[in-house]
Amino acid sequence: MKKLLSIEKVKGREILDSRGNPTVEAEVILSDGSVGMAAAPSGASTGAFEAVELRDGDKGRYLGNGVLNAVEHVKKELSEAVCGRNPLNQVEIDAAMIDADGTENKGKLGANAILAVSLATAKAAATAVSLPLYQYLGGTNARTLPVPMMNIINGGKHADSSLNIQEFMIMPVGAKSFSEALEHSTTVFHTLKKLLKADGYVTAVGDEGGFAPKFNSDEQALEYIVEAIKKAGFEPGSDFYIAMDAAATEMYDEAKKIGKEGNYLFWKSGELKTVDEMIDYWENLCNKYPILSLEDGLAEEDWEGWKKLTERLGSRIQLVGDDLFVTNTNRISKGIKEDISNSVLIKFNQIGSLTETLNAIEMTKNQGWTAIVSHRSGETEDTTIADIAVATNAGQIKTGAPSRSDRVAKYNQLLRIEQELGQAAIYPGKKAFKVLK
């Protein structure tokens, strides 16, 4: 009789992310010799309701950012929780680790430790059954490649520039395939670089690979992007749309610091706006530019404001909740009940396990909303999010610029998946967006 597959050993180690900060990597070894390895990413602009990323706090080591305690939890408590269990039962594995932690926000053992083991288990299980990860998780229906939401200009917390808006992205909706979408986007990226250089701007890149020029205003960034799309030979508002991540919670918090609670401070330019002025501002930008998606247009605590924003712009553009929902089904279901936003950004480490991530995607899609699988600003060479995007047929991925290996690794994995799927591969283009009827 064939021996049942089980988890035999779990290893943990401290490695570096793309910002030079330590993160947790886990390695799961199965009874048949199959191995899975995964690393936890890390964010710079984080939501208050995210699961806890455990850091050592020892200022004498990595300026307090070490993760040796989290690594110890991988080797001890989490290893004890999962060893001997069947790796093909992901739900049970994740539940065992969540129980071992015993807190609401994974604050005892760390979401970074739990997530690394969770993803490594899925990878080991996929290897054991000789399937690529996207197929192991998604079955034969996993064949939709995502439209990239490609970051080409960085601002906010992600860059030392004068831009308040954190990310300006392009979406190649007019392409016929993922590989063509990547080629078109990269052409726009290089065209933008030429334009910036010609006008004397520095073309150094931010955390996510986009340029970080010292522009005078956020609108200037949009002007340059529209020009780059045209100069590259494409049509703005047809071949390409623009997406923005305002990371407005940062603006809300900055206003609080100067005693203007409930308002929004564009801290790099000094402008203070009320909720209604913020909504007017976003609407004006949408009227002027081919904007299709706005992420975190208001703060994570501002549910009333979000309601107004959704009423005003929800039928026109994709309104994405990131800090608002933090990949948490409790918060997503509140958003659904209150009809707030129409899209959810999905980040594994906000919730801290694969099962909970997949549940969040399922809940979002069942509502008829869009789900965007996303990286963090602190990434590694780990490409799991590429497989998850295809496994869940999410239709959209946010994983930075076509520069920096930590970002490009995900695009390259999607190219491999597309080639492997062959004729079965689907690139949704405009169909990925509910608002583009």
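The count begins at 1 with the first shown residue.
Cβ atoms are placed via backbone N, Cα and C, with glycine included.
There are 29 other Cβ atoms within 10 Å of the Cβ belonging to K398 ((2R)-2-phosphoglycerate binding site). Under the heading (2R)-2-phosphoglycerate binding site, Swiss-Prot lists Q166, K347, R376, S377, K398, citing sequence analysis as support.
For E208, the entry in Swiss-Prot reads active site, proton donor.
According to Swiss-Prot, the feature Mg(2+) binding site maps to D245, E295, D322. Under 8 Å, Cβ to Cβ, and six or more positions away along its own chain, D245 (Mg(2+) binding site) finds G156, I165, Q166, E167, M169, E295, D296, V320, D322. In the three-state DSSP classification, D245 (Mg(2+) binding site) falls within a strand.
Annotation source Swiss-Prot lists active site, proton acceptor at K347. If you take the C-beta of K347 ((2R)-2-phosphoglycerate binding site) and look for same-chain residues 6 or more apart in sequence within under 8 angstroms, you find P41, G43, D322, V326, T327, S374, H375, R376.
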(request) Mind telling me which of the recorded positions E208, E295, D322 has the densest Cβ neighbourhood, counting other Cβ atoms within 10 Å? (result) E208
(request) Within the same chain, and leaving aside D245, E295, D322, name every residue whose CB is within 8 angstroms of the centroid of the CB atoms belonging to the recorded Mg(2+) site, in sequence order. (result) Q166, E167, M244, A246, A247, L294, D296, V320, D323, L345
(message) For a quick check of packing: other C-beta atoms within 10 Å of the C-beta of R376 ((2R)-2-phosphoglycerate binding site), how many?
(response) 27
(request) Could you check the binding-site residues Q166, S377 and say which one's CB has the fewest neighbouring CB atoms inside 10 Å? (result) S377
